[in-house]
Amino acid sequence: MFTTYLSSSFSLILILFTSLIFISISSLQTPKHYVVYMGSPIEADVHNSEAYYLQMLDTLLPREESERRKGVHHYKHAFRGFSAMLTEEEAAALSGHDEVVSVFEDPMLQLHTTRSWDFLDSLSGESSSFPIYNSFHGSSDIIIGVVDTGIWPESPSFSDKGFGEIPSKWKGICMEGPDFNKSSCNRKLIGARYYKSTGATSARDSNGHGTHTASTAAGAHVVEASDRGLARGTAKGGQPGCRIAAYKTCTADGCPGSAMLKAMDDAVHDGVDIISISIGLNAAFKSDYLSDPIAIGAFHAELKGIMLIASAGNDGPIASTVTNVAPWLFTVAASNIDRDFQSSVILGSGKVIRGAGIHFSNSTRPKAYSLVYARNAAAASKPVEDARTCLPGSLDPKKVSGKVIVCVMPRDAVTTKQIIKVVVEDAGARGLILVNQKEKIRASDFGHFPFSEVDMTDGYKILKYMLHTKSPTVTIVPTVEVKPTKPAPVVAFFSSRGPASLTENILKPDVMAPGVLILAALPPPKTAKPSTPKFGLASGTSMSCPHVSGAAAFVKAQRPSWTPSMIKSALMTTAITYDNMRRPVTNTSGLTSTPHETGAGEISPQRAINPGLVFETTTQDYLQYLCYFGYSQKTISKTLNKATKFSCPKKTSKDLISNINYPSISIGNLRRGQRKMIERSVTNVGPERNVTYVAHIEAPEGLVVKVAPKRLVFGENVDKVSYKVWFYGEKSASKRYHHGSLEWSDGYHSVRSVFSVNIN
């Protein structure tokens, strides 16, 4: 019997082992979508043709699989390559090809204004000689390419009133679909593309994300815009005189990296000046630059003189969650503006608690309802702590139905919307008061469901009232708009933070811009006529990114000869680090923010058109960065065209990344007692040729910072000057990041470079 048991056990083990081998082989043989990146185009060369890519697939794939042999996308304008359905073995074989830089599985990326532009103007405290944000002066030739969920062309934000002929440099198209005609485009919305690999059938935006971001960047003036009566005013983009081209790469399921690459490739060919991408990889996905579609596309766009602006991500307040961290990208964090939305609750005792929230009551006279603490409404056999935080399935519907429930916001990943949908609405509650124990409260939109979010202090007052009242009741009143709120800006709780995970020797994010409850265009409700204008409030670094895209377009309109790095430098070195109370910008915990949260600070477009000095980060800087990061000379050479001559420095180290000519400084590792020198050069772009700038350093305790020379002297024949900065970590310094700034001033201009130094 024992022998029989051994025999049967051995047979079972053999079957399981064989199955695992079969599963492993099957997974290797199951085709998946891969991107094959081959570097810069080779002009007038057969190797740059679609036929060449197909030939590469032809030699690799089985003859009977004709569909796979066609590939999915072909890249040929900004960079070379293709995407195709490949097995792991086939992908590995292609990666060894002499002309291939990298092969990676197609990643799925995620989607990361009446008052916001006025707020930025008021914050700067400066008037401008230029008609800011209103004029077509110099801007009508600027084209912003918005890579997103498409666009709703009938929105008044995309009216072409006042626009002249489309610039001759435009080479794009207006792709037709079942619900999108060529006539959907005009002299404002000059182009639209969509990508069938995403499942889209036209460039029309049903999600709303792309319409919102496009109108934030460059929407036309629309008077009396509002979200159901809230945030009423004139909606406008950062540069209303700009043209827009929409590239639909995203659906509700996300944004395939292969389609993102194709959109960027097309945008470069079409003739855009700026690419705005409110999209990024998940913070948990640690990708290097040669398998990050946005980093690859942006690198080649930069080589062509096209600026790419991207969102930092919505995974804050956790450190090292910032995405889109390549130095050739302009990475944007999010802040609030001086407007909030108040949802007050009136207790049965008459006491009024001012909470935050956006909801719209169907009744002109809100009713009072019984009030119940979620902890006291636990379902049978469910822990009271789960009920207290309203975790799914934790509440007894009989104890909740017809009442307003008080929940304490859980510290885990459960969102407010999940609490309302899964717990409260399904349990039959008539409203929710959420006690926020982890951040400064901010308004969220919950339609017609009565909702208010309060902080811990007010939450305690509500619970105390309930404890001392036999039959507690509450009324949640409809939302009202409150402005100006103070302080503002404040770093948004959700905004992803630095330091950058790939390398801490580049400071990311770069800047901060409004991204909380921004009003912009949206598709109309399905029940409305297609031409019905619709505006809505939305939050995220997706909303802050197009603010910088619009600001960059504004600067470019006034300074058309400037390169992307000059525009980037101007917006960084003139950024504002104080709020509307003239105090240092804080985060939602009330603590003074750091450059890992704000980058250089809140953008000030008016200041950026006259920065005095700029840091020019050149192609040479970016190529040296790749060398220092660890890529080989051979790999880097593959990314370039044959005309570009480049050799990696003999000495390469990630520590040397700090030395590329970037507008900010980051040192990821400075030992206590160690001294490190950083070099920078600045170019005079001010009106005065003969001018002297003097250094002023703000350094934290424990970090000694010195600069030489202390004066930068420019003359008729001297428009570029270099300087050195020494950082010394005192032996008594605490082991952490230390932040400060180096500011150059000529008495009128202030050119501020922030720095972050990690002392170990």
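Every residue, even glycine, has its Cβ placed from backbone N, Cα and C.
For reference, TrEMBL has these:
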DOMAIN    34-112  domain 'Inhibitor I9'
DOMAIN    140-599  domain 'Peptidase S8/S53'
ACT_SITE  D148  active site, charge relay system
ACT_SITE  H209  active site, charge relay system
ACT_SITE  S542  active site, charge relay system
DOMAIN    659-757  domain 'Subtilisin-like protease fibronectin type-III'
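The number of other Cβ atoms within 10 Å of the Cβ belonging to S542 (active site, charge relay system), over all protein chains shown, comes to 29. The average pLDDT the prediction assigns to the domain 'Peptidase S8/S53' (140-599) is 91. On its own chain, D148 (active site, charge relay system) has L111, D205, H209, G210, T213, A214, A246, Y247, K248, T249, C250, S276, I277, S278, I279 as residues at least 6 apart in sequence with a Cβ closer than 8 Å to its own Cβ. Around H209 (active site, charge relay system), taking its Cβ as the centre, 22 other Cβ atoms fall within 10 Å, counting all chains.
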